[in-house]
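According to Swiss-Prot, the protein has these features:
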- CYS145, CYS148, CYS198, CYS201: Zn(2+) 1 binding site (BINDING)
- CYS162, CYS165, CYS184, CYS187: Zn(2+) 2 binding site (BINDING)
- 5-70: domain 'J' (DOMAIN)
- 145-152: repeat 'CXXCXGXG motif' (REPEAT)
- 162-169: repeat 'CXXCXGXG motif' (REPEAT)
- 184-191: repeat 'CXXCXGXG motif' (REPEAT)
- 198-205: repeat 'CXXCXGXG motif' (REPEAT)
- 132-210: zinc finger (ZN_FING)
Amino acid sequence: MSKRDYYEVLGVGRDASEREIKKAYKRLAMKFHPDRNPGDKAAEASFKEAKEAYEILTDTDKKAAYDQFGHAGVDPNRGGGYGGGQGDFGDIFGDVFGDIFGGGRRGGQRQAARGSDLRYNLELSLEEAVKGLTKELRIPTLATCDLCDGSGAKKGTSASTCTTCHGQGQVQMRQGFFTVQQPCPTCHGRGKIIKDPCTKCHGDGRVEKSKTLSVKIPAGVDTGDRIRLAGEGEAGEFGAPPGDLYVQVSVREHAIFVRDGNNLYCEVPISFSKAALGGEIEVPTLDGKVSLKIPAETQTGRMFRLRGKGVKSVRSHAVGDLLCKVVMETPVNLNDRQKELLREFEATLTGESKKHSPKAEGFFDGVKKFFQDLNS
């Protein structure tokens, strides 16, 4: 069975803190613990799944490997991978008492494992995420060996029945008063032995390979979105189904725009004269420049909304807006004539601050009252 994403298992986001991960695990462990659900196989499976996810995501090294490579990064059967702890008291006592009372629950030949899921972290520009595109991705993976067609045996030969377990994949061992059933150490639970391994894959049935995929990225994706490509993960063992490929999207910061859901935000500088007298300015959008009418006496920080100039949702197809915040820019590098004109203008305002600068007048009146109250 395909493994679910560990963050999805615990019901937390990819940016969850260790405390949030522990809290989520505790809640699931209380809900699905075998002692609370005797005989419930589904609850037992959910408990083990949550335990495995918790052990990976609370280990710094394992979490880093999982975030980069998905389940393949923590697969103990791959070089450099980390193994998630999957054993618990249920495994031990299930084997012991299962054999005493008539056959262990895990008896029989081990099934060939489905291929591991892969994750590819894809970084996009804002323009690419908003408009969509097709990306060529080069994916390192395990592919079915083309020399032995995934059997692991040398061409012209086939696997033979294991003489240790006689094809059962399990052996019984005495431990004190108990008989314990364990995977066969000779064939590793497969029930078959490859005497003449393939010269290319050395008996594994799979080889390391890189493949190139053309992946269509839909318009409107955002950081945190995930695209699933069924069957594009690692090849399964000895003919088992392949895993899936998950493309994890992240969007780079933009020099002009900030995205919040389907809306875009930007700051647009305007001159003092334009803010005071009004007029038209050019505003950037992802589709090009548009004109924006600025009313006279516009204050810095005022927000203008351009409807339909945001992002089209990848799910609902609703289109967001562009919100432009105008910021008045103080002129610099003035020449003598310009400075003189500003002084003349300032002089015309003397004694009329309430009329021309009501906010400033109100502010200084408040400051004056504050100190009067302080000294009274």
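Backbone N, Cα and C define each Cβ position, glycine as well.
Between the listed binding-site residues, namely CYS148, CYS162, CYS187, the fewest other CB atoms within 10 angstroms of a CB are found at CYS162. Taking Cβ-Cβ distances under 8 Å and a sequence separation of 6 or more, the neighbours of CYS145 (Zn(2+) 1 binding site) in its chain are GLY152, CYS198, LYS200, CYS201, ASP204, GLY205, ARG206, VAL207. Using DSSP to sort the residues of the repeat 'CXXCXGXG motif' (198-205) gives these counts of helix, strand and coil: 0 helix, 0 strand, 8 coil. Relative to the repeat 'CXXCXGXG motif' (198-205), the listed stretch 145-152 leads the set 145-152, 162-169, 184-191 in CB pairs under 8 A. Across the structure, CYS162 (Zn(2+) 2 binding site) and CYS148 (Zn(2+) 1 binding site) place their CA atoms 20 angstrom apart. Per-residue pLDDT, averaged across the repeat 'CXXCXGXG motif' (145-152), gives 92.
DSSP assigns CYS145 (Zn(2+) 1 binding site) to coil in the three-state reduction, outside any helix or strand.
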